[in-house]
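**Student:** Annotation comment: TrEMBL describes ARG94, ARG104, ARG132, ASP217 as substrate binding site. Marked as Mg(2+) binding site by TrEMBL: ASP217, ASP241, ASP245. Per TrEMBL, the feature NAD(+) binding site maps to GLY275, SER276, ALA277, PRO278, ASP279, ILE280, ALA281, GLY282, LYS283, GLY284, ILE285, ALA286, ASN287. Positions annotated as domain 'Isopropylmalate dehydrogenase-like' by TrEMBL: 4-342. Sequence annotations record features per position, and here TrEMBL assigns site 'Important for catalysis' to TYR139, LYS185.
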Amino acid sequence: MNSKIVVLAGDGIGPEIMDSGLKVLRAVEDTCGKTFKLEKFPFGGAGIDEAGASLPEETLAACQTADAILLGAIGGPKWEKMQDTPEKGLLALRKTLNLFANIRPVSVSSALLHLSPLKPEIIEGTDLIIVRELSSGIYFGEPRELTETMAFDTARYQKDEIERIIHSAFKIAQGRSKKVTSVDKANVLASSKLWRATAEEIAKEYPDCQLEHQYVDSAAMKLIQNPKAFDVIVTENLFGDILSDEASVLPGSLGVLPSASHSDGGPSLYEPIHGSAPDIAGKGIANPISMILSVAMMLRQSFQEEQAAQAIEKACDAVLSNGLFTHDLGGQASTAEFTDAVIQELKGA
Ligand code: ATP
Ligand code: MG
């Protein structure tokens, strides 16, 4: 039975929100009709402290044989100046597991409309997914150089790397409103020209779907002008990083956004989109929604437990609608209080 979950709690608020996510997971096990096997391993700063490496060998080996991986968050000032850093561990984990497709759903709960700096009528009903290429592009391209007076990076894409991420986007779009917006800078960048041409080619395999192209500068503007115009956005590594942070303004806090990263057939990794939030770590006030919704994504995408996933999403929304908010959302609830309320809601469902 596929039920082995490797748990990487990580640093900062990582362990606090992981605790919430795992409690919620335990609360839906009855619905799933199975007991998940949870195996905890050190990773990130905790890996450096406990096992001498940001990605200890044992941790990597466990991830490679997992059915899914849950990650809290990594990093913090303590490890910033070290030779090995938590971020290096994360990049190595993504690369080794070939996690090329990063899926970031962004929807806006009606209970949170008042929090966004944008007008409620603009963001109400927003429901989009950013599909970000995670394993290539300018983050990895060689050569790169940095001197005191000159620096350059290389934005490199192989055609097959573009093909597989465009396929991922279309497959997601098929289960939704069948519209894919491919974001590039094809008027300037060679890598974007190949991106656009490849997207056109792959689109022919999905005649039920519609493909549109947007330049990244214009997409950045439209994302906050009219977010409802988007359904599935697919884009390269750097543009995806920037657009998804921009999109996090829509629901009002980073603390409510989950993500999934997929490979071709290997284990997927689920994690909040935010970092380890060292400024609030240890205070018990972090918003656990991002982690709880990451657990829901895992249940849906790695274990086909749609019912349990929906129950969790509804429970979070119900608790927010009842007016219980953590500090980032302008409320007073602690991480534990919010989590308990979600579990009560699940029990009542
Ligand atoms: P990284 O470099 O790892 O992306 P970052 O510098 O973007 O990290 P985050 O750790 O994501 O920073 O935090 C940004 C801000 O959002 C911080 O003020 C942090 O306290 C807040 N924040 C992030 N996640 C949460 C959360 N789950 N609950 C409450 N506040 C959060
Ligand atoms: Mg960040």
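Glycine is treated like the rest: Cβ placed from N, Cα and C.
Please treat TrEMBL annotations as automatic predictions, because they have not gone through curation.
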**Student:** Radius 10 Å, atoms counted are CB only; among the binding-site residues ALA277, ALA281, which position scores highest?
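**Tutor:** In terms of Cβ crowding, the pick is ALA277.
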**Student:** I'd like to verify something. Among the recorded positions ARG132, LYS185, GLY275, ASP279, LYS283, ILE285, which ones have a C-beta closer than 6 angstroms to some atom of ligand 1?
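**Tutor:** If the test is a Cβ under 6 Å from any atom of ligand 1, the answer is GLY275, ASP279.
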**Student:** Hey, of the binding-site residues listed (ASP217, ASP241), which one tops the CB count within 10 A?
**Tutor:** ASP241
**Student:** Measuring Cα to Cα, how many angstrom lie between ARG94 (substrate binding site) and LYS283 (NAD(+) binding site)?
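**Tutor:** Given the Cα positions, ARG94 (substrate binding site) is 30 Å from LYS283 (NAD(+) binding site).
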**Student:** List nothing but the largest Cα to Cα distance in Å, as a whole number, among the residues ARG94, ARG104, ARG132, ASP217 that the record says bind substrate.
**Tutor:** 28
**Student:** How far is it from ASP245 (Mg(2+) binding site) to ARG104 (substrate binding site), counting Cα to Cα, in Å?
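**Tutor:** Cα to Cα, ASP245 (Mg(2+) binding site) and ARG104 (substrate binding site) are separated by 10 Å.
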**Student:** Indicate whether ASP279 (NAD(+) binding site) is helix, strand or coil by DSSP.
**Tutor:** coil
**Student:** So if I take the recorded positions (ARG132, TYR139, LYS185, GLY275, ALA277, ASP279) and measure from each Cβ to the nearest atom of ligand 2, which come out below 6 Å?
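**Tutor:** Passing the 6 Å Cβ check against ligand 2: GLY275.
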**Student:** Of the recorded positions ARG104, TYR139, LYS185, ASP217, ASP241, which sits closest to ILE285 (NAD(+) binding site) by Cα distance?
**Tutor:** ARG104
**Student:** Taking each of the binding-site residues ARG94, ARG104, LYS283 in turn and counting other Cβ atoms within 10 Å of its Cβ, which one has the fewest?
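**Tutor:** LYS283, out of the binding-site residues ARG94, ARG104, LYS283, has the fewest neighbouring Cβ atoms within 10 Å.
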**Student:** Which residue, out of the recorded positions ARG132, LYS185, shows the minimum number of other Cβ atoms inside 10 Å of its Cβ in this structure?
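**Tutor:** Least crowded of the recorded positions ARG132, LYS185, by Cβ count within 10 Å, is LYS185.
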**Student:** Under DSSP, is ASN287 (NAD(+) binding site) helix, strand or coil?
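**Tutor:** The residue in question, ASN287 (NAD(+) binding site), is coil (DSSP, three-state).
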**Student:** What's the CA to CA span in angstrom from ASN287 (NAD(+) binding site) over to ARG104 (substrate binding site)?
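**Tutor:** With distance taken Cα to Cα, ARG104 (substrate binding site) is 18 Å from ASN287 (NAD(+) binding site).
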